[in-house]
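The domain 'NADH:quinone oxidoreductase/Mrp antiporter transmembrane' annotation in TrEMBL covers 1-165. For 20-42, 49-69, 81-98, 110-138, 158-180, 201-221, 227-251, the entry in TrEMBL reads transmembrane segment. The domain 'NADH dehydrogenase subunit 5 C-terminal' annotation in TrEMBL covers 170-264.
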């Protein structure tokens, strides 16, 4: 239901191509991508962070669609569906384990208690970031290289790459809050082992979010894209991802909000 509008525009893209409306849509969806990435960095609600990252990816699909590359938008829609479904399932298990509490400041050390769910969560998050050779990398990298090949202005280019960096930023922030942070004595943890019913479908989605990028690339592109870029521009995706990783790590280490609230009460 979320991507229904994107799918509709993909189906009707032959009618819409070369319209002035598409230039406006490119700007608006680039700004959507940027805004959703920025606001995901300031949220403490687990579902809201994932929903904003979905919004950011939708902005990416719409903007690549408004450049006239509908096959590429469809490809990203499919790969994004795999790991984002897995991400939402993991978030559901975690929230259920937390006795329906969604605040990530109350979570910590989850990987000690539900290791399999944390594994699925981390791999789907990394696929979302576009770590090389996971599902998200194939579509995202191809999209960003087609943007680099096109003759668009600097603003659109900046929006694309900065939004990619922001994706890495809030993912690392989520990972630091959920996995790396200490178990913060939250008195209403409902710590069971694992939800084995959920894990069956989660492992299937985990496998899909590993292989589906290369598989779909082999399936749906009947004509190969020839991309010829200088080395630094080719590596630009890796650069902004590493930058976002570094920044997310630094911000999470500042310990502004992640101090142990329950130990503070003993003062």
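Cβ from N, Cα, C; glycine included.
Predicted automatically and left uncurated, TrEMBL annotations should be read as such.
At the 8 Å Cβ threshold, with sequence separation of at least 6, the transmembrane segment (49-69) comes into contact with the transmembrane segment (158-180) through 3 or more pairs. No contact links the transmembrane segment (81-98) to the transmembrane segment (227-251), because fewer than 3 Cβ pairs that are 6 or more residues apart lie under 8 A. Between the transmembrane segment (227-251) and the stretches 20-42, 110-138, 158-180, 201-221, the greatest number of Cβ pairs separated by less than 8 Å involves 158-180.
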